[in-house]
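As recorded in TrEMBL, the features of this protein are as follows:
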REGION    1-21  region 'Disordered'
COMPBIAS  1-10  compositional bias 'Basic residues'
TRANSMEM  85-102  transmembrane segment
TRANSMEM  114-131  transmembrane segment
TRANSMEM  176-194  transmembrane segment
TRANSMEM  206-224  transmembrane segment
TRANSMEM  230-248  transmembrane segment
TRANSMEM  260-282  transmembrane segment
Amino acid sequence: MEAAARRRQHPGAAGGPGAQPGASFLQARHGSVNADEAAGTAPFHLDLWFYFTLQNWVLDFGRPIAMLVFPLEWFPLNKPSVGDYFHMAYNVITPFLLLKLIERSPRTLPRSITYVSIITFIMGASIHLVGDSVNHRLLFSGYQHHLSVRENPIIKNLKPETLIDSFELLYYYDEYLGHSMWYIPFFLILFMYFSGCFTASKAESLMPQSALLLVVPSGLYYWYLVTEGQIFILFIFTFFAMLALVLHQKRKRLFLDSNGLFLFSSFALTLLLVALWVAWLWNDPVLRKKYPGVIYVPEPWAFYTLHVSSHH
């Protein structure tokens, strides 16, 4: 009788008839991937990965190119360029696609971390929008990306000299603060999603042909992201964390599903491309001066202003 009374007072306890359907969901929400969770393997998200890759190429990689291609009369130097509008669209579409990706994860991911990451991502990308807009507009005035701010011919003779400090602050917001707040949550979200991309069936650990076709453009874009964003340390840390997770889950007889294989293969290709890029420019004296230290990963736009635009 007493036990029955307690069950009536607490209908969700001990899995009784009044147990709430979300009880097991709340208990497993922050747990690691196990065989039960891996049983609900998601199909390959062709639509999301295709849109994700397309908008990365068009709105991120393509924005500085669009700025140089469109006539300057259409977008005066004291107004946003076409590349800035690309960046604004990127700042809206990318967080939306990341949220849709998280929604489709077979594993329920911690919402608080997801929301804070998305908010920080948008803030960092918006900071970068302003700094990058000014820096790219300076190209029309003779600014050279392969030189530091103080060594640039159009900057080093500014009077008063405190103006140079202002341009260095702008560069800091663009290349350091903006990139950190943009890319750290970006890779964190991708890693959290990746942590749920495991299946108990080895037969399901295969990529469809559509995924294979997307690996090359996806990996090539991440090469651009890592080199131009100067985030090699963040990228390599994320990649080895993914590798460690794969090895750990393999001991539990869990294997990457098609989405996990696609993401891991893209990152592996990126690492190979970065290694080839660094080896190719290893002995470039000018770029070596701009990027001193142990981590030497030149930016593509620095290479462009040094070896391409200067010859035209």
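For all residues, glycine too, the Cβ spot is worked out from N, Cα and C.
In TrEMBL, annotation is done automatically, which means it is predicted and not curated.
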When counting Cβ pairs under 8 Å to the transmembrane segment (260-282), the leader among 85-102, 114-131, 176-194, 230-248: 230-248
When counting Cβ pairs under 8 Å to the transmembrane segment (176-194), the leader among 85-102, 114-131, 206-224: 114-131
Tertiary contacts of the transmembrane segment (206-224), as residues 6+ beyond its ends and Cβ separation under 8 Å: 44, 46, 49-50, 53, 56-57, 60-61, 235, 258, 261-262, 265-270, 273-274, 277, 300
